[in-house]
């Protein structure tokens, strides 16, 4: 996984065992975090998560990560999955795969300071702080959503809710009244908080996995899906307000608020399409009325390399992916989709050299799509034939 | 009631004695993986469901209020339809052949009762109730849900396939109205204990005490009318009943 995002003024890239914080303009590295090859050396223990009231621990065994005290046993790679800042930038959280853990850092002052490291049951799929940074939600590929306290930094995680398939994204409402999650079963679920056993509403309508969510206003969210649509919802009542057709399935979405109030930039990474990224301008014309007012497609040389992620700044798009199994980073101008100029020579090489250079294979996203196969027609055919035979026997 | 060609075809594979479809043509293995992708058509949302295709005589002011989750061969569903002629009941079954049997059975019953219009209030859906209940039912729509003799999925690795678990109880609470009832019955004591533990610990359910449970007119029907229940009685097994109210 190659995480990349822009948290003004830093461009953050997480890959392998490193997180780099860069100035996107002159490409200086502000700071970096490097994880040791074995997380037990910074205090990772394997402990069963404590269930929240009303949620007994699931009985399926949660195998501890393959850690053994003695050397010469199973060596599991540490690789960074998700990285996110708290809204006030004071805290940074990251999750790892291989040895699965949630790490919490104090991000100011200069060098990020590790506050805690706690085990994770399964590799994470999404990560999000609440508005005041007091806790962070981690969702995983079986659909469970855990809360890790960031005030009691060593508190065990609490299982808050579960979907029946992988959860691709998670949001908190600003007032922390709701948690919004989206999954592979086309569902967007709005759950009460802290009474997370009580589902408030669903936003139903998508016909394929929902890969991304973003908060627009106190009552509105936008979602992106493999069904080739962007949709705006009033999530408090589950009402769909806008459906915008996309040229291809969407596998990642980023939203930035723009200067004139009620306008947003929505960028979407496409699956298997001639253009890699679509950038849309979204406007709220009245409280419940939204529309897309402009579209910009960015080819980003799709097809020549395997694109997995991207980040947006005011004028540039930073795209990560793999070329010949090597992590590659390319930068495009967001106004015209051309390769960006003005980057110092050798910068990309320097950044990539700084990250792990093991073979990089982005995840195969074809598995996200539902396998639709027909196990009914064959049965009905055989049934029809059986009935016809019986008819003939009766008549014959 | 006019019978269609499809219904006539069905009827020729029925028993000459009872006029109903014969189970031996519809046998299917009991266990199914509910987490795998299956082939279902399912609606994106409740507003998109054409209920008339399942209940041809349904009125605009009527909607499904009782749901038999994992209705099997439909024995209990038929009883439910007879006990509550004014209520619309639905059976949900994930297995292809078994749900087809129930559809054929209901068609045959409707045909036989075309004079009285009975059995217009029951229908069967082939679907995965663990995933798609909110697609079919709006918040607080159902009055009663039945989980009769669910698959115990004995092996620990398969426990997450059990139809009652913490995450799903929240989803069931969403489609059930306040005060709605959940009826559970099984002959496997371990599964019964699992169900009771999970539902006791979920803040939105409270268990009916024995007296309340036994005075419910549905309770005696839970033992015999489903095919599984009758089998348990034949084999002199135990019945474990638990009824919960959605708070």
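Cβ atoms are placed via backbone N, Cα and C, with glycine included.
Sequence annotations record features per position, and here Swiss-Prot assigns S-adenosyl-L-methionine binding site to B:70, B:93, B:94, B:128, B:129, B:148, B:226, B:227, B:228 based on sequence analysis. The number of other Cβ atoms within 10 Å of the Cβ belonging to residue B:70 (S-adenosyl-L-methionine binding site), over all protein chains shown, comes to 23.
Residue density at residue B:151 (active site): 18 other Cβ atoms are found within 10 A of its Cβ, drawing on all protein chains shown. The active site annotation in Swiss-Prot covers B:151.
Counted over every protein chain shown, other Cβ atoms within 10 Å are most numerous around B:129 among the binding-site residues B:94, B:129. Calculated from their C-alpha atoms, the gap between residue B:70 (S-adenosyl-L-methionine binding site) and residue B:151 (active site) amounts to 9 Å.
In this structure the alpha carbons, written CA, of residue B:151 (active site) and residue B:228 (S-adenosyl-L-methionine binding site) are 11 Å apart. Considering only the residues assigned to S-adenosyl-L-methionine binding, B:70, B:93, B:94, B:128, B:129, B:148, B:226, B:227, B:228, the longest pairwise Cα distance works out to 20 Å. In the shown protein chains, 26 other C-beta atoms lie within 10 A of the C-beta of residue B:226 (S-adenosyl-L-methionine binding site).
The number of other Cβ atoms within 10 Å of the Cβ belonging to residue B:228 (S-adenosyl-L-methionine binding site), over all protein chains shown, comes to 19. Secondary structure from DSSP puts residue B:129 (S-adenosyl-L-methionine binding site) in a helix. Secondary structure from DSSP puts residue B:228 (S-adenosyl-L-methionine binding site) in a helix.
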